[in-house]
Amino acid sequence: RGYLDNITAIGPRTVGSPENEVLAVNYLLEQIRAIEIESTDAHRMFVDIQRPTGSFSIDFLGGFTSYYANITNVVVKLEPRNGAEHAVLSNCHFDSVPNTPGASDDAVSCSVMLEILYTLSKSSEPLQHAVIFLFNGAEENILQASHGFITQHEWAKSIRAFINLEAAGVGGKELVFQTGPENPWLVQAYVFAAKHPFASVVAQEIFQSGIIPADTDFRIYRDFGNVPGIDLAFIENGYIYHTEYDTSDRILTDSIQRAGDNILAVLKYLATSDKLAKSFEYRHGNVVFFDVLGLFVLAYPARVGTIMNYIIAAIAFLYLSKKVLQPKNRAVNNLKKFFTAFGLILLSWISTLVTVLIVAVFISLIGRSLSWYTHFYVSVFLYGTVAAAKLILVHTLAKKLYYKNMNDQNVGDVFFDASLMTWSIALTMITQMGLCSAFICTLWVAFPLLTKLMIHKEFRQKGATIKFVVIYLLGMFVPYLYMMYLSWTIFEMFTPIMGRSGSEIPPDVVLAGFIVAITMILSSYFINFIYLVKTTKMTLITLTTVFVVTLILVCSGIFFPYSSDVANPKPKRVFLQHTSRRFHDLDGNLVKSDSGIWINGFDYNGISHITPHVPEINDTIRTPCEEWAPFCGLPWILPVHFMFRLVKNWYLPAPEIFPASPVHFKVLAKELMPWNSVRLSFEVSGPSHMSLYIRPHKGSALSTWSLGDGTPVASVGGDYFVFYSRGLQATPWHFWIELAASEKHSDGIVSLAIAAHYFFGEDQKSPQLYSLLERFPNWTFSSGWSCTYDLFVF
């Protein structure tokens, strides 16, 4: 815990700042040297400071290119006395996003790694392989330091596997949410060694689908190093992730101890494993893995899961076909009943989804989004009740209007079989898609089928016996318990993300859709009871009453989305950039300039809740889009423009800023190349963070450049985005771009803009920005900095 407190005491550790490049690095080196002094003779320890420069392209956030110069890595290698040919890597990052102490993301992981280094180095038990500890100093700059290490450091060639320690929340249990690619032996290592396992292939497939707007160093080691690994992250309390509240006192000692126990055990296991040296022999195949209530992890090869899934689905289809088609003289009638029930289930699902989404859209349109953000129960009372009520209503009407002359037990039996059919189809389709998450469908087919076979006689008897109810509930216990456990884990991860997912996607629609999905899943094998019970009147009245009362309260605004509670804050995120913009024409003349504070709310509500506190931020100062300029002429730090609507951000007029270290932009050369191409060479110097925006004009195309692998990667919308960052004492940035132009253009062939971002030091906040930030309410986390934007045409 001392390590964690000392690292966070340094303050925000933004790349390029003295806090990150000097103070944090010096602290780490002091602790590593102290550990080295106490290490036993069974090991050798080497320490290296790496300051790489490089560039790469990545399809994260719509696609962009990254360039870094002189950033910092602190690398430690602990190996047996006689040396080692192979190594396992443990990775954390000590940098933080601006204006935050970064305790969970990722100082706590670096603290855990220091403790593990100390423990392993003090052990008299020799390791079979080396353990490399990478304390990387530029992860928040979109994974730059890990790229610098894995592509340039001499020790990187010996790495056969890695463990990446990350955070998407503050404390709690660390979730294994990515493994591989392939290499099932790594999952088996975690299963065998971890003392407190918490892992889910569902989380892996959700994360890798791109639904969550985040990425980790795992991607870099996988894509640029071709190394398999395990990705872990703290996921609890994501409400304060990347905010000023991410302090060391909020991370429980138990949480740190738990992570340390797990990672030490897995690292030790890998460092003494014969499989590490021959990892290429064990690389084939994916793994289905999931923990059972945090007690232990079940893991098996995906190919075994595929065979098992198809067998279970085949048994279910065989049972259903035998049930429906016998006796032969009633087969047609049975098929009609079966497919009617199947159709009614689908109809109830569709009508429920439509009804709940209508409510969610209504809530979004009247400006009451995220009313459940601080009060989670509101989402259940608002969307869960209407989902359950609509499902019950559809089947109650079917019972009264269509099945009024039929035996209730027979109808209940048919609906159970129709639900089994639904899950069997889902199991077959998801397995066919190659998704490991199909194991969930396996649970929902195997256990109900087994239950049905055990009590099939009781299904047709009039009146439910105690034996029937007990065996039925026991048979459903496993899939229902696991589904509720998994749902809670996903809710815990996703709900906070809705507060930082931009202003484009209505969070109420997303959450409502998820609640409908959970309701449909959990109701699967209880729909048949609607046809067995005498009446559903009281249930419908209760659910409707709860929904109506909640809807009235939500519409009245009683559930405020955000909280400034000291013990459990749930702040609104707002970014403010005091910006000075200058637009130049083809002749270099200044055609437009302005200055203002550009304000972005990071959720769907925009600034509506802040306007009463700061009246000048209102609808009259909406941000205008300069259509002719790349990225609307706005100084995006990252290409997240597609996540935000310009009608939900503001540009408040403010005095021009004059940074002490302004950006210097020079054209070094203009060269005519073969095939009607023009090469433009530039030199740029400025602060530690800059964004370059490029838009080729009509009739021109950006064919190649000196960045990444030489192939330009366009962002969403067609413009090109380059993210630049540097450490200390970096030389000016030189780069060139080459454009193919079919003919001469009177308005030039390319618009190029450079934004300089001042995240620390005397240039970070102007007096006007300070004054505005102080007026923001205490339930906001407002991150502010100054920047300049200069556009040129060539």
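Note that Cβ sites are derived from N, Cα and C of the backbone, with glycine treated the same way.
TrEMBL lists 73-266 with the feature domain 'Peptidase M28'.
Per TrEMBL, the feature domain 'Endoplasmic reticulum metallopeptidase 1/1-A TM' maps to 335-555.
Residues annotated as domain 'Endoplasmic reticulum metallopeptidase 1-like C-terminal' in TrEMBL: 569-792.
Residues or ranges marked as transmembrane segment by TrEMBL: 292-320 (among others).
What TrEMBL records for 341-366 (among others) is transmembrane segment. Beyond the ends of the transmembrane segment (341-366), by six or more residues, the same chain brings 382-383, 386-387, 390-391, 394-395, 398, 411, 414-415, 417-419, 421-422, 506, 508-509, 511-513, 515-516, 519-520, 527, 551, 554-555, 604 to within a C-beta distance below 8 angstroms of the stretch.
Feature annotation from TrEMBL assigns transmembrane segment to 372-393 (among others).
Residues 175, 200, 202-203, 206, 235, 290, 292-293, 376, 440, 443-444, 447-448, 450-451, 454-455, 458-459, 461, 514, 518, 521-522, 525 of the same chain lie 6+ residues outside the transmembrane segment (468-491) yet bring a C-beta within less than 8 angstroms of a C-beta in it. Annotated transmembrane segment per TrEMBL: 468-491 (among others), in sequence order.
Residues or ranges marked as transmembrane segment by TrEMBL: 511-533 (among others).
Under the heading transmembrane segment, TrEMBL lists 540-562 (among others).
Sequence-distant neighbours of the transmembrane segment (540-562) (same chain, 6+ residues past either end, Cβ-Cβ under 8 Å): 359, 363, 366, 368-375, 378, 381-382, 385-386, 388-389, 392-393, 396, 570-572, 605, 609, 779-780. Summarising model confidence by region, the domain 'Endoplasmic reticulum metallopeptidase 1/1-A TM' (335-555) averages a pLDDT of 89. Same-chain neighbours of the transmembrane segment (292-320): 173, 184, 187-188, 190-191, 194, 196-199, 285-286, 338, 417, 420-421, 423-424, 427-428, 431, 434, 436, 438-439, 441-442, 445-446, 449, 452-453, 481-482, 485, counting only residues six or more beyond its ends whose CB sits under 8 Å from a CB of the stretch.
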